[in-house]
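Novice: Copied straight from TrEMBL:
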ACT_SITE  Lys263  active site
ACT_SITE  Arg337  active site
BINDING   Lys251, Asp256, Asp274, Glu335  Mn(2+) 2 binding site
BINDING   Asp256, Asp333, Glu335  Mn(2+) 1 binding site
DOMAIN    331-338  domain 'Cytosol aminopeptidase'
Amino acid sequence: MLKISAHKESFTSIKADVAIVFVINKNTKHKWIDQKFLHDLAYQHKSPVLHQQAKTLYIPLGSLEVDSMREAGATAVKTLKSYPFKSAKIGFYTLPKSSDTSIMAAFTLGALLGDYSFDTFLSKKQPSSLREILISLESYDTDSAGATKERVQDFSKQLDEIKIITKSVNITRDLVNTPPQIATPKYLANYAQDLIKGTNLSCKILKKQELKKEKMGAYLAVAKASSKSPRLIHLSYKPKNPQKKVVLVGKGLTYDSGGLSLKPSDYMTTMKADKSGGCAVLGIMLAAEKLGLPLEIHGIIGACENMIGGNAYKPDDVLISREGKSIEIGNTDAEGRLVLADCLSYAQDLDPDVLIDFATLTGACVVGLGEYTSGVMGYNQKLQLDFTQSALDSGELVAILPFNRHIKKLIESKIADVSNVSSSRYGGAISAGMFLGEFIRESYKDKWLHIDIAGPAFVAKEWDINPYGASGAGVRMGVRFLQDISKISKARKQ
Ligand code: BES
Ligand code: ZN
Ligand code: ZN
C-alpha cells in the first residue's frame with residue numbers, strides 16, 4: 001500500500017524521486033514551476049505533464065478546493081503509475097497562512113483511493129513503482145515554526161483517519177469486484193467472520209433454517225432458485241456507554257439475474273455489484289470500529305442470489321413478509337426491496353435510534369440522478385438534510401428524492417397489502433423507496449433513511465477518484481454521517 005507521511009521540512013529540502021506541483025488556474029508564476037518549459041510545450045493545462053529533467057509532475061488545477069484536490073490526488077498517482085519513481089513529494093505553496101489542512105487531507109484521500117486497482121485475476125499485473133508520498137507542511141511566509149509543528153500534529157491525526165477510511169473503501173471495492181462464482185452469500189459470511197478477527201466487532205450468521213424461523217418469507221423467496229443458500233450477516237459493535245444506537249442494513253445480492261423476469265444480457269453484466277450496499281455496510285462497520293466511534297452500531301447484510309429455475313419465485317406469487325404484510329410479485333427483478341423489507345423488519349427489533357439502508361435498488365435512480373449521485377429518501381426531512389451534508393462533506397454526491405402520497409398509490413395491489421412494482425413507469429426510485437417505507441413501523445419512520453447507490457456503486461468509465469469497477473459508494477458518506485452524529489450528541493451532552 002502507498003505510504004503517505006507529513007513533514008515539517010520545506011518542500012525543497014525533502015528528498016524524493018519526483019515532485020508533484022500544481023499549476024492553479026493556469027498561473028505558472030511560482031519558483032517551483034519552470035515557466036519556460038511549460039511555455040515551450042505550449043501547455044494547454046488540460047492533463048498532467050512530466051518535466052523529466054526537473055523531475056517534476058505538473059498537475060493543472062482549476063482552483064484550490066477540496067473537491068478538485070481530491071481528484072488531483074487520484075490523478076497524480078494514476079499518472080505516476082507509468083513511471084519508475086518510488087517516492088514523490090508535495091508542498092502546498094498557495095495555502096493561505098492560517099489555512100487548515102483540509103485540502104491536504106483531500107489530496108491524500110484521493111491518492112489512496114485513486115491508487116486502487118483490482119488485479120487479482122490478471123496474469124500480468126502492472127504494479128505501480130510509487131511506494132511513498134511525502135507531504136511538506138513547511139512554514140508559510142511569516143508562519144512560525146511552532147505553527148508548522150502544530151499543523152503536522154493536526155494533520156497526522158487526520159492522516160490516521162484517512163488511512164482507516166480509504167482502507168475500508170478499498171476492502172469494500174475488493175469484495176464487490178470479486179466475481180459472483182466466488183463471492184457467494186456463504187463467501188461473504190466467511191469473509192466477514194475472518195475480517196473481524198482481532199477487532200471489537202462480533203458477527204452472527206443466520207442460515208436458511210434460521211431465516212425460516214424468523215419468518216422472512218420475502219427474503220427466502222428471492223433466494224429460492226439459487227444453489228447458493230442465503231446468509232444474513234449481523235455485525236455488531238458495542239463500545240461502552242454508547243451515545244446512540246445505529247442500525248445499518250445493506251442489500252447483498254451476490255448476483256441479480258432478474259430471476260424469471262430475466263434481465264437482458266446487456267443489463268445483467270455488472271450485477272455482481274448488486275451486493276454493493278451490503279459490502280458498504282461491512283466497510284462502514286470496519287471503519288467505525290477502528291475509529292472507535294462512541295455509538296452502538298449494527299450492520300445487517302441480506303446476502304443471497306436472484307436466479308432462475310423450476311423452484312424460482314414467480315410473478316403472480318404472493319409472499320408473506322416478516323412484518324406480516326403480504327406482497328404481490330409483479331416482477332422478480334424487483335428483488336432487492338423484498339430482501340430489504342425483511343432485513344429492515346429484523347433491524348427494527350434492535351430498537352435503533354437511527355436506521356439506514358444502503359442498496360443498489362433501482363435503475364430508475366441512475367436515470368433520474370445520473371451515475372455519480374446516490375438518492376436519499378425517507379420521511380424525516382431534517383435527517384435527510386443532515387445525511388446529505390455529511391455525504392457531500394465526505395466527497396460523495398447525493399440528492400434527496402421526495403416521497404409523496406400519489407406515488408404511494410402506485411404500489412397498491414388488489415389482492416395483497418402491497419405490490420413489489422409500481423403501476424407507473426415513472427418515479428421508480430421513489431416507488432421502490434416507498435415500498436420499503438411500508439415495512440417501517442410508525443415509531444421508526446422518523447428514524448429511517450434509504451440510500452439508493454445504484455448509480456455510483458459500479459464505475460464503467462473512471463471518474464473523480466474512482467478507477468474502473470466497484471467504487472465503494474456509501475462507505476465515505478456513512479462513516480462521515482456516523483462521525484457527525486457522534487459529535488452532535490457529544491456537544492449536546494456537554
Ligand atoms: N439491481 C437492480 C437495480 C440496478 C440497476 C442496480 C442498474 C444497478 C444498476 C434491481 O434489482 C432491479 O433490477 N430493479 C428493477 C426494478 C423494476 C423491475 C421495477 C429496475 O430498476 O429496473
Ligand atoms: Zn433486480
Ligand atoms: Zn437487484
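Our numbering is plain: 1 for the first residue shown, then up by one each step along the chain.
Note: Cβ is positioned from N, Cα and C throughout, glycine not excepted.
Note: TrEMBL annotation is automatic and uncurated.
Note that the coordinates shown come from a computational prediction; the quantities given were computed from them, not determined experimentally.
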Novice: Summarise the domain 'Cytosol aminopeptidase' (331-338) by DSSP state, stating how many residues are helix, strand and coil.
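Specialist: So the domain 'Cytosol aminopeptidase' (331-338) is made up of 3 helix, 0 strand, 5 coil.
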Novice: Check the recorded positions Lys251, Asp256, Asp274, Asp333, Arg337 for any whose Cβ is under 6 angstroms from an atom of ligand 3, and report them in sequence order.
Specialist: Asp256, Asp274
Novice: Arg337 (active site) to Asp274 (Mn(2+) 2 binding site): how many Å between their Cα atoms?
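Specialist: That comes out at 12 Å between the alpha carbons.
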Novice: Which recorded positions of Lys251, Asp256, Lys263, Asp274, Asp333, Arg337 contact ligand 1 in the sense of C-beta under 6 Å?
Specialist: Asp256, Asp274, Asp333
Novice: What is the separation, in Å, between the Cα atoms of Glu335 (Mn(2+) 2 binding site) and Lys263 (active site)?
Specialist: 12
Novice: I'd like to know which of the binding-site residues Lys251, Asp256, Asp333 sit within 10 A of Lys263 (active site) at the Cα level.
Specialist: Asp256, Asp333
Novice: Relative to the mean position of the Cβ atoms of Lys251, Asp256, Asp274, Glu335, the recorded Mn(2+) 2 site, which additional same-chain residues have Cβ within 8 Å?
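Specialist: Sorted by sequence, the hits are Val222, Leu253, Met271, Lys275, Asn306, Gly336, Val339, Ala359, Thr360.
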Novice: Neighbours of the Mn(2+) 1 site Asp256, Asp333, Glu335: Cβ within 8 Å of the Cβ centroid, same chain, sequence order.
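Specialist: So the additional residues around the site are Val222, Leu253, Ser257, Gly258, Gly259, Ser261, Lys263, Met271, Asp274, Asn306, Thr332, Ala334, Gly336.
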Novice: How many neighbouring Cβ atoms, not counting its own, are there within 10 Å of the Cβ of Arg337 (active site)?
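Specialist: Arg337 (active site): 29 neighbouring Cβ atoms within 10 Å.
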Novice: Of all the recorded positions given, Lys251, Lys263, which residue's CB has the most CB neighbours within 10 A?
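Specialist: Most Cβ neighbours within 10 Å: Lys251.
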Novice: Roughly how many Å separate the Cα of Asp274 (Mn(2+) 2 binding site) from that of Asp333 (Mn(2+) 1 binding site), to the nearest whole number?
Specialist: 12
Novice: What is the separation, in Å, between the Cα atoms of Asp333 (Mn(2+) 1 binding site) and Asp256 (Mn(2+) 2 binding site)?
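Specialist: So the alpha carbons of Asp333 (Mn(2+) 1 binding site) and Asp256 (Mn(2+) 2 binding site) sit roughly 8 Å from each other.
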Novice: So which of Asp256, Lys263, Asp274, Glu335, Arg337, listed as recorded positions, have a Cβ under 6 Å from an atom of ligand 2?
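Specialist: The recorded positions passing the 6 Å Cβ test are Asp256, Glu335.
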Novice: At 10 angstroms around each C-beta, which of the binding-site residues Asp256, Asp274, Asp333, Glu335 has the fewest other C-beta atoms nearby?
Specialist: Asp333
Novice: Under a three-state reading of DSSP, tell me whether Asp274 (Mn(2+) 2 binding site) is helix, strand or coil.
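Specialist: It is helical.
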